[in-house]
Amino acid sequence: MACRGGCCSSAGRLNADNARFLLLAVLIVLYMLCGAAVFSAIELPTEREAKERWEERLENFTRRHNLSRAELRHFLREYEEASVAGIRVDDIRPRWDFTGAFYFVGTVVSTIGFGMTTPATVGGKIFLIFYGLIGCAGTILFFNLFLERLITVIAYVMKSCHERQLRRKGVLPHNSRRGSGTSEVDSLAGWKPSVYYVMLILCVASLIISCCASAMYTPIEGWSYFDSLYFCFVAFSTIGFGDLVSSQNIKYESQGLYRFGNFVFILMGVCCIYSLFNVISIVIKQSINWILKKLDCRCCHRCQRKLFRSRRNVVMPGNVRSRRNISIETDVVNESDTDGRRLSGEMISMKDFLASNKVSLAIMQKQLSETANGYPRQMSCNSKQNGFSGGVGALAIMNNRLAETSVDR
């Protein structure tokens with residue numbers, strides 16, 4: 001029975017996990033479809049206008065300089081290849097000196113991957129595969145450990161604030177210390193902050209870091225404040241489009257201080273946004289569980305109505321079984337298996353036997369507990385005299401019953 005119950009519980013848990021996975025997959029696909037529709041509606045007209053302007057400029061340039069379009073397109077393709085290698089029209093910092101290479105490996109291990117610098121040689125590409133495999137795994141481990149410590153600090157602060165509120169309300173005495181025997185203090189030992197409060201704190205922290213970083217990027221990089229905020233989200237969330245990349249000019253005012261500030265802001269922002277994503281995923285999981293619960297309740301009501309309509313005119317012999325604490329799946333199986341046997345005059349099934357002996361099983365469990373604890377009966381002497389050994393489990397209960405019967409006789 002225990003093994004069968006454990007198998008049923010594990011099977012039910014597996015079914016719930018599969019349902020949660022499928023629902024999440026469907027929601028992600030729908031989310032992607034909606035996002036594609038929105039971005040297409042917003043960006044497609046601008047793309048078409050830019051393409052028309054480019055074709056017009058290209059036509060005017062070929063007429064003005066007496067060039068064929070094929071030659072001009074060949075020249076532009078060569079520039080695109082040079083751009084991939086890091087060559088730009090304006091002067092920019094070297095891509096593969098030590099500082100540029102360090103910036104590149106930072107974007108690799110943090111999974112940002114701006115794309116403005118990529119290895120061009122076969123050896124560099126092969127080394128990147130193995131280097132990124134170990135580096136990304138180590139950085140993800142660092143982010144997870146950072147999240148654990150951040151949640152610990154947030155929980156400690158929120159617990160202290162909660163204790164102060166309880167002292168102000170008079171629930172806790174002002175001189176109470178941790179480890180005291182009062183029930184109020186003991187109840188705070190397992191207290192944990194709400195995930196929504198943690199999400200709110202991480203949102204505020206990420207917003208503060210993004211605003212401060214944008215205030216630094218706007219005057220130094222020459223971006224608008226909105227573009228700076230956009231860059232912060234793209235970089236901190238490790239999306240890394242590469243349309244805006246910081247610290248790429250050949251020279252800055254206070255260059256060392258700016259690059260250090262850029263490194264600190266990106267590190268703090270990535271850690272906070274990664275932690276925020278993990279907390280939001282918990283909220284999404286709770287929402288999916290709530291949706292599945294609502295769908296399960298509706299399905300249960302519908303199935304119960306169908307069962308009631310299909311069996312309301314059926315006369316079944318025997319006692320009416322209680323329907324409490326039985327899932328709709330097991331209930332339907334029991335109905336389909338046992339009713340046919342009862343109506344055909346067969347003997348009671350094993351399922352009905354076990355269902356009718358739930359009370360006996362509960363009494364047996366209670367007796368097992370009493371036997372293990374050594375009370376309320378002390379039958380060791382009598383049992384030895386009558387030849388009945390103690391035994392273990394159900395055998396011990398049977399031996400005690402036999403010993404009691406032999407004593408009474």
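Quick reminder: no glycine exception, Cβ is built from N, Cα and C everywhere.
A TrEMBL annotation is a machine prediction, not a hand-curated record.
Remember, predicted model here, so these are calculated numbers, not experimental data.
According to TrEMBL, the transmembrane segment annotation covers 21-42 (among others).
According to TrEMBL, the coiled coil annotation covers 44-71. For the coiled coil (44-71), the mean pLDDT of the prediction comes to 89.
Sequence annotations record features per position, and here TrEMBL assigns domain 'Potassium channel' to 88-150 (among others).
When Cβ-Cβ distances below 8 Å are used as the criterion, the transmembrane segment (101-122) is approached by residues 84-86, 95, 128, 131-132, 135-136, 138-140, 235, 238-242, 245, 247-248, 263, 266, 270 of the same chain, each at least six residues removed from its ends. What TrEMBL lists as transmembrane segment is 101-122 (among others).
Here TrEMBL flags 128-158 (among others) as transmembrane segment. Within the same chain, residues 105, 108-111, 119, 192-193, 197-198, 201-202, 270-271, 274-275, 278 sit at least 6 positions outside the transmembrane segment (128-158) and bring their C-beta atoms closer than 8 Å to a C-beta of that stretch.
For 195-217 (among others), the entry in TrEMBL reads transmembrane segment.
What TrEMBL lists as domain 'Potassium channel' is 200-285 (among others).
Residues annotated as transmembrane segment in TrEMBL: 223-245 (among others). Among residues of the same chain six or more beyond the transmembrane segment (223-245), those with a C-beta under 8 A of the stretch's C-beta atoms are 107, 110-116, 206, 209-211, 213-215, 217, 265-266, 269-270, 272-274, 277.
The transmembrane segment feature in TrEMBL is assigned to 257-277 (among others).
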Worksheet entry | Contact set, same chain, for the transmembrane segment (257-277): CB under 8 Å, 6 or more residues outside the stretch | 99, 106, 110, 112, 143, 146-147, 150-151, 199, 202-203, 205-206, 209-210, 212-213, 216, 220, 232-233, 235-238, 246-247
